[in-house]
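Record features, source Swiss-Prot:
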- Cys333, His384, His509: Zn(2+) binding site (BINDING)
- 1-61: domain 'TGS' (DOMAIN)
- 242-532: region 'Catalytic' (REGION)
Amino acid sequence: MIKITLKDGSVREYNEGITIKEVAESISAGLARVALAGEVNGEVKDLSYPLENDCTLNLLTFDDEGGRDAYRHTTSHILAQAVKRLYPDAKLAIGPAIENGFYYDFDVEKPFSVEDLEKIEEEMKKIIKEDYKLERFTLPREEAIKFMEERNEPYKVELIRDLPEGETISFYKQGDFVDLCAGPHIESTGKVKAFKLMSVAGAYWRGNEKNKMLQRIYGTSFTKKSDLDAYITRIEEAKKRDHRKLGRELDLFDIYEEGPGFPFFMPKGMVLRNVLEEYWREEHRKAGYQEIKTPIILNEELWHRSGHWDHYKENMYFTKIDEADFAIKPMNCPGGMLVYKRKLHSYRDLPQRLAELGLVHRHELSGVLHGLMRVRCFTQDDAHIFMTPDQIESEILGVISLIDDFYKVFGFKYHVELSTRPENSMGSDEDWERATNALKNALEKKGIDYKINEGDGAFYGPKIDFHLEDSIGRTWQCGTIQLDFQMPERFDLTYIGPDGEKHRPVMIHRVVFGSIERFIAILTEHYAGAFPVWLSPVQVKILPILEKQHDYVAEVKKALEEKGVRVEADLRNEKIGYKIREAQLEKVPYMLVIGDKEMENRTVAVRSRKDGDLGPMRLEDFVNRIVEAIKNKEN
């Protein structure tokens, strides 16, 4: 008999060799119906997987990431089978589950059209109806290569050849279709209830632009049609909110062919950006940070010393000055190290919090560039906190509070992930354990739930990532807290302790916005361009009905400007309805309509973007109202 510990902590005994599906059936018929896979000792397996030893078992449904991934991975195999039926000469590449769906890459003679996707969807429906069982089998390396060569699948052969010696080479079969795959998968094709092919795009084999361009079909799938419909509605809403479209329409920012990945900010976009940066500076001053500015170009030797050369060289730009090699900074950290190192520090000076809005450049492939979300140059709101070991927890708690305050102002909810040591890391096991435990303790002291991302930390230390949830339910990773014992070592940073001896400080890297450009893109989509009044580039638009009201308009404008309100007057000889419609399209928070009555009574007729017609209001009352809304950063 073996002992199986379930998610609720209960322990059950079963015969050796019982499958995950049979365990689910022994618990309840309802659970067996919705179970898609099982997590055995932390590893996701098919329901047919036999349990031979004592283990922990978590039965996964579509509500669990592992269950969703298995379900969508199977849908990608159904897609591949449909494509092979319709286009027998198509060569298969890869087809994983991804966040919100799946994709499969194909090598085909001509790109897929929208009509092709419709045909493929119909074929997929047939395969689902045929309800093929997914069966896993393995082959020795040479047999696996021969098997895929006989099927004329060169990409699969390449993948097999690249697998380490001794690696288990597994395949999944459904009907007459077979694919190289590590799994896991759900039981049968008939279990897929609702799916949609979303789009097609070009993708280089293995992400390398020197390789052949393949056709990537994206799709998604759900266990309920209602959930699929809701997702498609969200996607349509996201298209309307696309920051690239709104950035142009609202005259905020754009990207031109002459500078792919290098954003241009227009006057209104600069207003928005400056408001964000001023808020950032104000809050950091209150939290005891000092602002610094470090150069964009620094000697190549510095990047060897920092470790970026070994871990980040492929993403860097280089230049020569006076025959010496220089690099354009991809990160602000090394500059911050030099600022700290410039003089001797006492333990009484610590913690020292150095903050920087630093412009960085990173080489990104043209295929992944996306508006302000993925660019080649951006401003990162970095800070580096240097401290004694006994200050670690209090400083992490302070950063968490600061980040929490920032996100609340914008109305964001968030979840937190703790990322641990990656393979290509620097430093000792002891340092990594100490750093990881410090982050865990701070989160637990704050009462914040968190998920662990094994192996996803930075190369110099573990990190906490903050994932914002926007108004249509999408998540965006923005804030980061990274604890680093390595960089102070590499730069030989010290402070004088109470014993009069030199000691090594500990350092936190952290960002709140992350990339300012990306944060602006997120805000633009979150608010659909209708920014709260404190962020709006134009907060008030004055709309006179006739030219004779222009003198009073100037008076109203001056009264608002004297209080720091950003205001424009539309003095064009156009009908008032047209002016109102245009101001609405510009998403201005307040419109003040001025006619003869308003001029005589020293009032303004107020229209709110949010609440519509608010009626007449004394000018002084409106000024007080909007000043209060701006001061309180009302959303």
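The backbone N, Cα and C atoms fix where each Cβ goes, and this holds for glycine too.
Cβ neighbour count for His384 (Zn(2+) binding site): 26 (other Cβ atoms within 10 Å of its Cβ, all protein chains included). Applying DSSP to the domain 'TGS' (1-61) sorts its residues as follows: 14 helix, 26 strand, 21 coil. The Zn(2+) site, placed at the center of the C-beta atoms of Cys333, His384, His509, has further neighbours from the same chain whose C-beta lies within 8 angstroms: Met331, Asn332, Gly336, Met337, Asp382, Ala383, Gln482, Asp484, Met487, Met507, Ile508, Arg510.
Residue environment of His509 (Zn(2+) binding site) contains 22 other Cβ atoms, counted within 10 Å of its Cβ in all protein chains.
According to its DSSP assignment, His509 (Zn(2+) binding site) is in a strand.
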